[in-house]
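Asks: Take this structure first; my questions come after.
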Amino acid sequence: AWVHGDPRKVIYPTDSYGQFCGQGDTPNENKTILFYFNILKCASPVVIINLQCPTTQLCVSKCPDRFATYSDVQASYRYRPDQWNYFRQFCRPGFNNPRKSAPQVLRDEDCPSMIVPSRPFLKRCFPDFSTKNGVLTVANQTTFKDGRGKTRNVTDLREAANGINIVLDARSVGMKIFEDYAISWYWILIGLFIAMLLSLLFLVLLRFTAGVLFWIFIFGVIGIIGYGIWHCYWEYDHLKGIPGSDLTVYDIGFQTDFKVYLQLRQTWLAFMIILCGVEVIIILMLIFLRNRIRIAIALLEEGSRAIGYIMSTLFYPIVTFLLIAICISYWAVTAVFLATSGEPIYKIMANQTLCKYANLTCDPETFNTTNVTKLCPGAQCTFAFYGGESLYHKYIFIFQLANAFVFLWLVNFAIALGQCTLAGAFASYYWAYQKPADIPLWPLFSSFGRAIRYHTGSLAFGALIIAIVQLIRIILEYLDHKLKGTQNSFTRFLLGCLKCCFWLLEKFLKFINRNAYIMIAIYGKNFCTSAKDAFYLLMRNVVRVAVLDKVTDFLLFLGKILVAGGVGVLAFFFFTHRIPVFAQEVPTLNYYWVPLLTVIIGSYLVAHGFFSVYAMCVDTLFLCFCEDLERNDGSTAKPYFMSASLHRILGKKKLSPKKS
């Protein structure tokens, strides 16, 4: 990839001669936009963007801003030379012969037959489509001359216009979203900082009031969802009787202005039904799992003590984030180099539909010496796309899969390194006989050093297994996408079963790997032995696993939801001018939901980073506890290493006094 790739093929458009538009130190340095002689030949914007439109393409400094035809410009050349000077900038470089007959010019593709008002998008000139009173127009006109003696309606461009308008509408929305981010980024960062403070505050308080805080979590989530239900009902009732509010989403179709949907009663009714369903499910789970929740809270109190003694673990997710960011950057850059490693391919473009040489590959350096131009007058050898016929180019897709596999392997290794490091730090807390006196100095740093020095192979092997399964899932999704529309019922059923099975396999392997890394951190054995020991240990304590592990995950998930929901409600009141103190500080936005969703999602990710440390702590302490119960019996010779409070929660025997 690094040898053959050229990212300029992505950055710069390429004209019909294989030259980059806008590249420095070339004749096209100031010509940054690609212009199409006859955009009517481009069936869709996808063809245009892929540089495979069957018309001459030139690099220009700006797009046309007026209607004009070669015939009209040629006829008025003598008394209006300025029109020719403007028009010829869209002709072939060096062409300056307005006396050449129009048929010959169009045959030789010296100049376009017409130009229409356009604007640059994706560094390419697109007709400036707009709608006026529901009618498609270009520069407020509905007709134009095609330069071949016909007056055509703008609707003749509809096949291209429909696709282009979708792209341009998306661009308009994208620009508005970008403007919202540019105006509100400061407040978004403040919201994320508040989420970080809330997450840290909750984790610190868990050491002293885990039970109280988690019940606050639970009822806080119920309260937030309840407020959402009330707000949806209020909006639903408020829109009653307003003209147009009783329309359905199906009636109005897809709209780029999302505010339109918020003016429909059906939208708020759907939101209210969804929130009511979530509320009922949470309440039912709390009723049937109330005793299990008490047990899980007690285990979390023990985990809070461990984190209290090793506070540095809260910031380790930053290390994992940086490692994954490096992996993503390396994968993305390599993928771009691979995708741009093709050689320029030139094909014969002929005006005559019966030309037998049309669309065949050609060599622009020797094309003029062949007899193709004689058999097919006006035929040209123009740039089509990037590709190649060498062994390397034939296997670029395989190389992309290999690059994706390396990416998955590295990302899973970074995650495994983090899990093993945290597990080693928390295991050193559990197996300290006198807490905190026997906890080693710098437990997190020591655990990270052990993982790198002794366990790199085991972590890489565990990550390899997960990466293989994930790659198979990617291939299955690719096959499903490629075969869509050509599948029969059996094929769809088979692919669905395979995707489901490999999804379950990935979840199971991640669970096994997580516990295997804990055993690696405790005993230092290899991956296979640790995975086997962890699996059998969990199977011997399967009831405790089901009760504690999943209920703990559920409670931590509620904590993330409360942090994200609380900050989200605060952001909602702020960006909708409902906090009088800050009403003058709120920026004017196109879509208030842009910073709102960013704050909510960002807050959830921030909370997830902190709470993931807590989840790893609980899993490590639980596995250590099960191992402690099997290795020791509470006697003077084999005393338990667990704390007295943890033993009262889960143990059956009395805890004997520890030796001095």
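A Cβ is built for glycine as well, from the same backbone N, Cα and C atoms used for every other residue.
Automatic, uncurated: that is what TrEMBL annotation is.
Dumping what TrEMBL says about this protein:
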TRANSMEM  185-205  transmembrane segment
TRANSMEM  212-230  transmembrane segment
TRANSMEM  268-289  transmembrane segment
TRANSMEM  309-333  transmembrane segment
TRANSMEM  406-433  transmembrane segment
TRANSMEM  454-476  transmembrane segment
TRANSMEM  488-505  transmembrane segment
TRANSMEM  554-579  transmembrane segment
TRANSMEM  591-611  transmembrane segment
Asks: Counting a contact as 3 or more Cβ pairs under 8 Å, with residues at least 6 apart in sequence, do the transmembrane segment (488-505) and the transmembrane segment (454-476) touch?
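Replies: Between the transmembrane segment (454-476) and the transmembrane segment (488-505), which are separate recorded stretches, there is contact, as judged by 3 or more close Cβ pairs.
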Asks: Within this structure, do the transmembrane segment (591-611) and the transmembrane segment (212-230) have 3 or more Cβ pairs under 8 angstroms, counting pairs 6 or more apart in sequence?
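Replies: Output no: the transmembrane segment (212-230) is apart from the transmembrane segment (591-611).
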Asks: May I ask which of the stretches 268-289, 406-433, 454-476, 554-579, 591-611 has the most CB pairs under 8 A with the transmembrane segment (309-333)?
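Replies: Selected stretch: 406-433, with the most Cβ pairs under 8 Å.
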Asks: When only pairs 6 or more apart in sequence are counted, do the transmembrane segment (554-579) and the transmembrane segment (185-205) reach 3 or more Cβ pairs under 8 Å?
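Replies: In this chain the transmembrane segment (554-579) contacts the transmembrane segment (185-205) - 3 or more Cβ pairs sit under 8 Å.
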